[in-house]
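Going by TrEMBL, these are the annotated features:
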- 1-96: domain 'UBC core' (DOMAIN)
- Cys34: active site, glycyl thioester intermediate (ACT_SITE)
- 98-147: region 'Disordered' (REGION)
- 98-111: compositional bias 'Polar residues' (COMPBIAS)
Amino acid sequence: MKLVFPQDFPTAAPKGYFLTRIFHPNVSTSGDICVNTLKRDWTPDLGLRHILTVIRCLLVEPNPESALNEEAGRLLLEGFPEFARKAALITSVHATRQTPLTATGGANTVNAEGCGDDAGKPAPRSLSAAPGVRKAAPEKKRSLKRL
């Protein structure tokens, strides 16, 4: 989640966005958060703690009557099982950390042909045990920018 504070904060309300795709009535497909506290009910005496609490409550108790995502709002009102299925699907695709396939052994092993499932075979000896071999630095996490 990202909050963008304008130059004239706290006079003007911040804008909230979800960076990870979420299927929710009050979150647009581009990630914009629709909550009255960040729109018409904003007052300068509201603080960051209040903003985060309101967004958390919105996730727990959606307001489908003022939906930015009309499909999510309709499904929440008319067919909750379908809403829950679609929300779980989008979460599993966009918000679940994927375990990378490795060539060094472990649960997700890739064999010489590039196929997985070497579970029955012993894992190869670790390179870190060899003298003079340094462990590679972890790669920087990369992400795709939304268009």
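Just so you know, glycine gets a Cβ as well, placed from its N, Cα and C.
No curator has checked TrEMBL annotations; they are predicted automatically.
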PLDDT averaged over every residue in the domain 'UBC core' (1-96): 89
Residues near the residue listed as 'active site, glycyl thioester intermediate' in space but at least six apart in sequence (CB under 8 A): Asn26, Val27, Ser28, Ser66, Ala67, Leu68
Per-state residue totals over the domain 'UBC core' (1-96) - DSSP helix, strand, coil: 43 helix, 10 strand, 43 coil
